[in-house]
Each structure stands twice: as structure tokens, then as C-alpha cells.
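Listed features, source TrEMBL:
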type     : residues : note
ACT_SITE : ASP94    : active site, nucleophile
BINDING  : TYR149   : substrate binding site
COMPBIAS : 355-367  : compositional bias 'Polar residues'
COMPBIAS : 368-378  : compositional bias 'Acidic residues'
DOMAIN   : 187-289  : domain 'Pseudouridine synthase I TruA alpha/beta'
REGION   : 1-29     : region 'Disordered'
REGION   : 355-378  : region 'Disordered'
Amino acid sequence: ERPEENGHQNKRLKRDADEEDVEDQSKKTPKRKIVLLMAYSGKGYHGMQRNVGSSQFKTIEDDLVSALVQSGCIPEDHGEDMKKMSFQRCARTDKGVSAAGQIVSLKVRLIDDILEKINNHLPSHIRILGLKRVTGGFNSKNKCDARTYSYMLPTFAFAHKDYDVQEEVYRLDKETLEKVNKLLACYKGTHNFHNFTSQKGPRDPSAKRYIMEMYCGEPFVRENVEFAVIKVKGQSFMMHQIRKMIGLVIAIVKGYAAESIIERSWGEEKVDVPKAPGLGLVLERVHFEKYNRRFGNDGLHEPLEWTKEEEKISVFKEQYIYPTIINTEREEKSMVNWLNTLSIHDFNSSAVGIQTNNKNSKNSSDLEGSDGCDDDSD
């Protein structure tokens, strides 16, 4: 062979060897257990949890897994079987529900610029805002010891039923806000919430839940309509629980039900509890206090706190979550339509009467789906 031909051949061999090195390096990159901090607007999605084999209902996890594969964090076959990457979500948000602080745990290849690469393959209304290494046996659902949700609603929902409401004119007065907060505070502590979910009887031990705090913040005006945000922190929540807790308070403040109904709902008697619309519910943050005490300062792992990411979380909410809730409420009037169904509830009825009323109101509320707080109902 002539020397120049031999030179070309050497270059070609070197290029092929380099490509093989990259492939080998990718295979050799050790997988590590991490958590991802996620924010997303849930409109247009059939919840968080992926339904493998069903392309009919698009979920947040469908887009997330696709981005993980395309960015090279996980092998393609892991996308088909999520158990291979030890994937676990902290909370299962349902149809239309958004999140500002969802946490998922999984094993990935820790490639360079990992967050940027994953986000490049995600739509703008789903963002990975943070990443932390965790212990090998970490499970985001089992290690979570509390969850905080918010519920954004137009304040005219609290106007008394005898009051002729002009939606854009109504403003929540101080006395009504105080009454709302007094009622929300009744939920604090451990209570039997069997009336605030379906498929749990009054003697089912799992119906007992611990609520740490629940309150409504100061109202604010967006697009000429006044809104307020209710926050609730609890160990875990059952299907529909938060929406029913809020629905009952609205029914009391509007004058449909007596205040005593909350106390009555803890008892064995079946109480008719209305379910507020799913729009407005947001998973704000999840808490890992026990994990942080044990591993957060062990020199190997960081505590699962997201102080540095707070600003990014706020910006995402202002850009994607709040406008979606406001615009959807204005267009679809889910709260207005739901408020019109409160009059068909009989808050003093027997279990038989409740079943009849539930059949009548199915179209207005049951199609909303769960609030995605069914932490123990996977």
C-alpha cells in the first residue's frame, strides 16, 4: 500500500475505535439512584401515572420516560419496563391536576449536563427543576412522610347562596375569610375521613388520617376575578379527600349546611359530602423529614430540601400553572357549574337519600376523577 492510503486507513480505524469507546463508556457509566424534582401543568394529561400498553390516554410519565430515553439517561428497554430503573413517583396526581414539587426516584446514568439534556426532550409545561443523589434503597413514595397540596379557587365560591353574585365584582371580606379559616382548622389532627372518600367504611383503620395544617391565604386578583389559595399538609390523602374537605367548607360558608356537619362526618353515619372540582388542585411539595434526619448530613447525601430551586418553582407556577387554572375556569366555568349542584345535596339525609342524590349529581362531579391524592391506593 502507498503511505497516504495507509494513513487514511489508520484515521478510519481510529474514528471507529472512538465511536466504540463512546458506546463502551455509556455502558460503563454506573447507574445511580437519584430523585428528580418535577413541575408540570396537568391540563390535557390523564394524570401522572403511566399506563404501559395504552396510548389512548397520555400521561406526564409518558413524556418523562421518553425524555429519559432520548437523553441517554436510561436504556430504551427500561422505558418499556419502568421496574428496571426502580422508578417510583411520590404522589399520583390525577387527570388535569398540576404539580410544582413532584418527586420521582429512579436509577439513571449520571451523564454530563443531565438536567439540560432531559429538559431539551420535554415540552415547556413539564420541567425537571432539580436532582439529588439518594441512598440505593430509597423509594420516593414509601420514604415520604408528608405532602402539601394547594387548591386555587375563585373567591365567589364563598359568597352566600342568597347573594346575587357578579363573578368579576365579588370580593371576599375579612369576616368570611376568618370563617373559612376557622372551618378549615377543624380538619387539623387525626380524624376518621371515611365520608371524604369512596370505598372505605367507617370502621376501616386506613380511613384515619392526620392533617398537620390547613388554611386559606389572602385573596388576589387575576384577570379581573379574585382568587384565593387553600393549603393543606397531611401525612397522606385518600382519593377525593382534599376536594371533599374543601367542598364541605364551601357548602357551610354558602349556607347549605350547618357547621356541625363536620363533627358529624367523623362518626359512623354516612354523610353527603360534595366534591369540589379537580381544577385548581396542585401538588405543592413532598416532605422527607425522617430521611433527612437520618441521611441528610451523613457526608454522602444531601437533605431532600429544595431551597435553591424555590425561585424556579415560583416562576414555573406563574408561567404555566396559575394561567392554566385561571383561563380554564373562565372558559369552562367548572366552579360555577359545580356550585349550581350544591342545592341537590341533602346535608341531613340518610344513607339511602345520599345514594339517590349521588346518582343525580354524577354528571357534574364524578367525571372529574380523583384528586390524585390517593397515596395508598395504587
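Every residue, even glycine, has its Cβ placed from backbone N, Cα and C.
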Nearest-integer angstrom distance between the alpha carbons (Cα) of TYR149 (substrate binding site) and ASP94 (active site, nucleophile): 13
Other CB atoms within 10 A, centred on TYR149 (substrate binding site): 27
Local confidence of the prediction over the domain 'Pseudouridine synthase I TruA alpha/beta' (187-289), expressed as mean pLDDT: 95
DSSP-derived helix, strand and coil totals, residue by residue, for the domain 'Pseudouridine synthase I TruA alpha/beta' (187-289): 26 helix, 34 strand, 43 coil
The residue listed as 'active site, nucleophile', number of other Cβ atoms within 10 Å: 22
